[in-house]
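Read the structure below first, then the notes.
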Amino acid sequence: MTDKEKRLERQSRIRNFSIIAHIDHGKSTLADRILEKTSAITQREMKEQLLDSMDLERERGITIKLNSVQLKYKAKDGEEYIFHLIDTPGHVDFTYEVSRSLAACEGAILVVDAAQGIEAQTLANVYLALDNDLEILPVINKIDLPSAEPERVRQEVEDVIGLDASDAVLASAKAGIGIEDILEQIVEKVPAPAGDPEAPLKALIFDSLYDAYRGVVAYIRVVEGTVKPGQKIKMMATGKEFEVIEVGVFTPKAQPADELTVGDVGYLTAAIKNVGDTRVGDTITSAVKPAAEALPGYRKLNPMVYCGLYPIDTAKYNDLREALEKLELNDSSLQYEAETSQALGFGFRCGFLGMLHMEIIQERIEREFKIDLITTAPSVIYDVYMTDGEKIIVDNPSNMPDPQKIERVEEPYVKATMMVPNDYVGAVMELCQGKRGNFIDMQYLDANRVSIVYEMPLAEIVYEFFDQLKSSTKGYASFDYELIGYKPSKLVKMDIMLNGEKIDALSFIVHRDYAYERGKVIVEKLKELIPRQHFEVPIQAAIGQKIVARSTIKAMRKNVLAKCYGGDISRKRKLLEKQKEGKRRMKQVGSVEVPQEAFMAVLKMDDSPKK
């Protein structure tokens, strides 16, 4: 057999697939069982959620970064097949990670919980898989639960998604039921990769990570051609060239190989120093004989949510910078730049894909780098059109220009899809209306579940919307959103003043109709949280020059009349006047300490105005 025939023969036995599911439907457990069944790992190495390697992932039980692994499986027809399993995150913030990993596959196993049925993110991920023309194999998981209703769920898969679920595998990943049927279905139904091993190299980067010794390690799926050590390669998006040092596959552990050819999923190292050079979704080609065009699907990720991160101990500013640099190496979607605040000192303005992404980065900084952080209120990006025709992009409320010069402000809107049990439709619609949502569509999925679609401003979803949605449906709702563009809104910037001074870190942008209520609530909250001083402190909420709400923290005062028993009124008055004069002088020079809870109070605006 020639080299080409060998490669083509091997190619016909490759199956690339990923597992997609809603959070908690048992995706990582199924991956564990498949690894066990194909004996990729010994019993000794087996631990729960084997592919979730980050501590945080194991702790929260979610998948954040994607992982891939090569498995060998001897099928019933006697052939040995090579499987590449690519594990994907299920959370809405990491949709791009899902779409990239799906682009590296030919098939997807759709895991649906036999008790819960289809959820919003199941749908979102299925649509991504269909966009990538993948063969979808439905698997109904957790059939050993007492509340499982596999037949109802099978019907739901057919009705809601439109997939033929007549031969869906009934399985329980935890108990190890049905795993072999799943593997046999992969062999039969998932197509082998197409592509010419002799053509110019085309490989998709679907992830990258930074290794202190080898530089950047790119995770790739070879679509055409062959790549081997010593070859010169070129990145098509950035145009940078490198020489390949090592290629290999994961059998969860990295294992060097002689070459990677069509259909292989593995890793590649070349002396790449900067993660920015291996953009996820980019195409690698040969520098000598480059491919004519790149693979589709690459796009630069733009952050959706911004917030300020400040070290509580200002001496740790440089440590925070190093922490962000290291995290950025592994996370191409994190963006940051230095900023200063009069109230909080030096820190960074960081951009994230969404709220979960933001929480995870904060937690990793506090945990892995031991830096205590203060975070400011998250905000989205506003487009501000000025009266002189200029357009300004504002990601920090304190940069909002003077209201007199603004013609209009546009904010990002999202299309939010919620899957809700029937009984809670009213509560959810009320919540969405209160968040300035516009009703778009409502469909009954079956007798007791409804899908509701709203258009809403991203700014309203950013903070605590998901928590409120969960609490108004007793935890049963699921939720997914996609950006649909910018729309004009009546937005104003509200400043909070303490003792007549603006506190920049407490400024926020709010819709004009809600400004008065929002201002009133915050002023009252701050009054409770800021400790009393020796002089009285007015707290004011202002829009431009206009004060919309005010509250006063009363001064602590000593009883100066204690030693005047009875006594003449003029004597008492003299002592009181003297005390008053002292307080007045103090008020001119005194400054107010704002505790961290006060910043958090502005964020936790859960009592949003009811319409």
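Every residue gets a Cβ built from N, Cα and C, even glycine.
Under the heading domain 'tr-type G', Swiss-Prot lists 12-194.
Every protein chain considered, the tally of other Cβ atoms within 10 Å of the Cβ of Ile143 (GTP binding site) stands at 19. The annotation GTP binding site is assigned in Swiss-Prot to Asp24, His25, Gly26, Lys27, Ser28, Thr29, Asn141, Lys142, Ile143, Asp144.
Among the binding-site residues Ser28, Asn141, the residue whose Cβ has the fewest other Cβ atoms within 10 Å is Ser28. According to DSSP, Asn141 (GTP binding site) is assigned to a strand segment. DSSP assigns Ser28 (GTP binding site) to a helix.
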